[in-house]
Amino acid sequence: MPFSAPPTEHFDVIVVGGGHAGCEAALTAARLGLSTALFTLNLDRIAWQPCNPAVGGPAKSQLVHEVDALGGVIGRLADATALQKRVLNASRGPAVWALRAQTDKRLYSRQMLQLLQQTANLSLREAMVTGLEVKGDPSGGGEHWEPAQGHAAQITGVRTYFGSIYRAQAVVLTTGTFLGGQIWVGNQSMPAGRAGEQAAEGLTEALESLGFQTNRLKTGTPARVDRRSIALDQLEEQPSDAADRFFSFDPTTWVSGEQMSCHITRTTASTHQLIKENLELTPIYGGFLDSKGPRYCPSIEDKIVRFADKDSHQIFLEPEGRDTPEIYVQGFSTGLPERLQLDLLRTLPGLEQCIMLRPAYAVDYDYLPATQLSPSLQTKRVKGLFTAGQLNGTTGYEEAAAQGLVAGLNAARLVHGQEQVHFPREGSYIGTMIDDLVSKDLHEPYRVLTSRSEYRLILRGDNADRRLTPLGYQLGLIDARRWQLFQSKQTALEDEKQRLEKQRIKASDPAAPALEAKTGAKIKGSITLADLLRRPGVHSADLIEHGLVDPELALGVREGAEIDIKYSGYLQRQQQQIDQLKRQSQRRLPANLDYANISTLSKEAREKLTAVGPLNFAQASQIPGVSKADLTALLVWLELQKRRTLAASGHDR
């Protein structure tokens, strides 16, 4: 019987990888009307949380709010599957407030799979993609194609391990830790993308054959222990404190299930001694592995080596679900051999008799340095090829989801022949992250941080809808129902702000003495509620207590009005800085400027600016390693020099 090639399926967009980036990318493209296929190695592990089963935290929660404001799904799934919610940094300013939810990892995965299966235009395929089909392959293969806009080739589809070819005009790679994945326990290793799942073959070589540079990164996850074997009654309990708060701006999706507590223990002298005696058995300290791991999520051995002066480290015991006894030992990832891990766990108070269900392990994997991407997350070498998530060198479900949405959006717009969307740094943490990724030569897993943004007071979680939902509606990501909800909320917010600016409280009013005591300042005659809120220590909750704010008013409206009023001066100044930086983009820089002596610039920026010698701010902003914070510092320095020069010339006269 003569051989016949299998029929080729055609899609508009193909997404490779079913993690948090891949799911957001596929859902976004499908909702924009594109026929979309999502390929994954295991349909039973869709949107899996292989490390910490949690969503949110500092800067990460802002990302989740932003993804939701643009129509993404990570926020509402985190809300629906939350086991516990807490507000972090609550004692600090609103720029760094962060919602964090402990989630039921299996329920989260099931709900995401159901959502994908119910989405029109979206097909799911379980297969290993090992190759890329292109026209104009720089290596000399493929069909002839005339290069355009700097691209050396154009994507036409993907090829699977068993030889099937699927055609598409755009392909989004979201392969996580699976490209060349190798997991390590002590000095033992095996090919795997994560424990129990095979690594992906072929794609790294396919990318390299197209001229892409690849490298290796590392991450790790701690052991899981049986809850029933832990003496929880001996440990500090950490209950939920934010069951009434949500990531999603859509109140019709809010679900508050029964909350579960986490618990806290600490390392001991025995913990530290056992680690110090066996450091050479770990992949990093033993020299078996040299890939860079995440700076902000170090292993327990890294903590003990780097912070040798600390005699104890806090460890959190977090549930993985309502229907499983598995406990995630946060802050205790390790590269020690499995035979030592149980002994190590049993040095922790409350875990003296614990049962280890899964050992800790490290995983190193191939990634694509993101300087090879444009801000749309399309690769510079191959038109129609996009990448997102850990493949771009990031760490975290939230970072992955945000990139997935951007890549899916721009893949869809490419197919439609529409202009690519770039998210400016000053408009969102999404923009901040992507700007960092594509402009900086990063050699360790990237995590979003509030300190990475120069505009964090403006880029808060509570106002993510105000910043991004109008754009989402314009792009077709937000439907009419969500748009109506948004408009109603904004009307209520503006009405409340106006009321607070107009309504006054007199010194003779019954509530005045208590409010004066709260602030330590007298009310002279009368004062508007807005000016009262501007006083330190006064919050909308205090006004509710005295009948000055409607307790039935939505929390988002109450807090939004309070923040806008209380921080109005700071917000105006930060917006002025943003506007000034935009205006200054064409400002010329002196040819003889000595960047080495500008101490407010980062060391990297001083070196890069000296080497390049940009003519203006626009050129300076394109130099990898020169951040927007550096540009702001340079602008301030130039203004100070200008004032000093003017002052000196005036004095001379």
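Even glycines carry a Cβ here, placed using N, Cα and C.
If you check Swiss-Prot, you get these features:
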{"type": "BINDING", "residues": "GLY17, GLY18, GLY19, HIS20, ALA21, GLY22", "note": "FAD binding site"}
{"type": "BINDING", "residues": "293-307", "note": "NAD(+) binding site"}
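Projection of Swiss-Prot feature records onto the structure.
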residue: GLY17; record: FAD binding site; DSSP (3 states): coil
residue: GLY22; record: FAD binding site; DSSP (3 states): helix
residue: GLY293; record: NAD(+) binding site; DSSP (3 states): coil
residue: SER299; record: NAD(+) binding site; DSSP (3 states): coil
residue: VAL305; record: NAD(+) binding site; DSSP (3 states): helix
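When the binding-site residues ALA21, CYS297, VAL305 are compared by the number of other CB atoms within 10 angstroms of each CB, VAL305 has the fewest. Across the structure, CYS297 (NAD(+) binding site) and GLY22 (FAD binding site) are spaced 23 Å apart at their Cα atoms.
The number of other Cβ atoms within 10 Å of the Cβ belonging to ARG295 (NAD(+) binding site), over all protein chains shown, comes to 12. Here the Cα atom of GLY17 (FAD binding site) is found 36 Å from that of VAL305 (NAD(+) binding site). On the backbone, the CA of GLY19 (FAD binding site) and the CA of PHE307 (NAD(+) binding site) stand 34 Å apart. In sequence order, GLY220, THR282, ILE284, GLY293, SER333, THR334, GLY335, ALA362 constitute the residues six or more apart from SER299 (NAD(+) binding site) in its chain with CB-CB distances below 8 Å. Proximity of HIS20 (FAD binding site) to non-local residues of its own chain (separation of 6 or more, Cβ distance below 8 Å) is seen for ALA47, ILE74, GLY389, TYR397, GLU398, ALA400, ALA401, GLY404, given in sequence order. Listed in sequence order, the residues of the same chain lying 6 or more apart from GLY22 (FAD binding site) and placing their CB within less than 8 Å of its CB are VAL15, VAL16, LEU38, THR40, VAL172, THR174, ALA388, GLY389, GLY404. Each of the binding-site residues GLY18, GLU301, LYS303 was ranked by the number of other C-beta atoms within 10 Å, and first place falls to GLY18.
Cα separation, PHE307 (NAD(+) binding site) to GLY18 (FAD binding site), rounded: 37 Å.
In this structure the C-alpha atoms belonging to ALA21 (FAD binding site) and ARG295 (NAD(+) binding site) are separated by 22 Å. Looking at LYS303 (NAD(+) binding site) and GLY18 (FAD binding site), their Cα atoms lie 32 Å from each other. The FAD site, placed at the center of the C-beta atoms of GLY17, GLY18, GLY19, HIS20, ALA21, GLY22, has further neighbours from the same chain whose C-beta lies within 8 angstroms: VAL15, CYS23, GLU24, ALA25, THR40, ALA47, THR174, GLY176, ALA388, GLY389, ALA400, GLY404.
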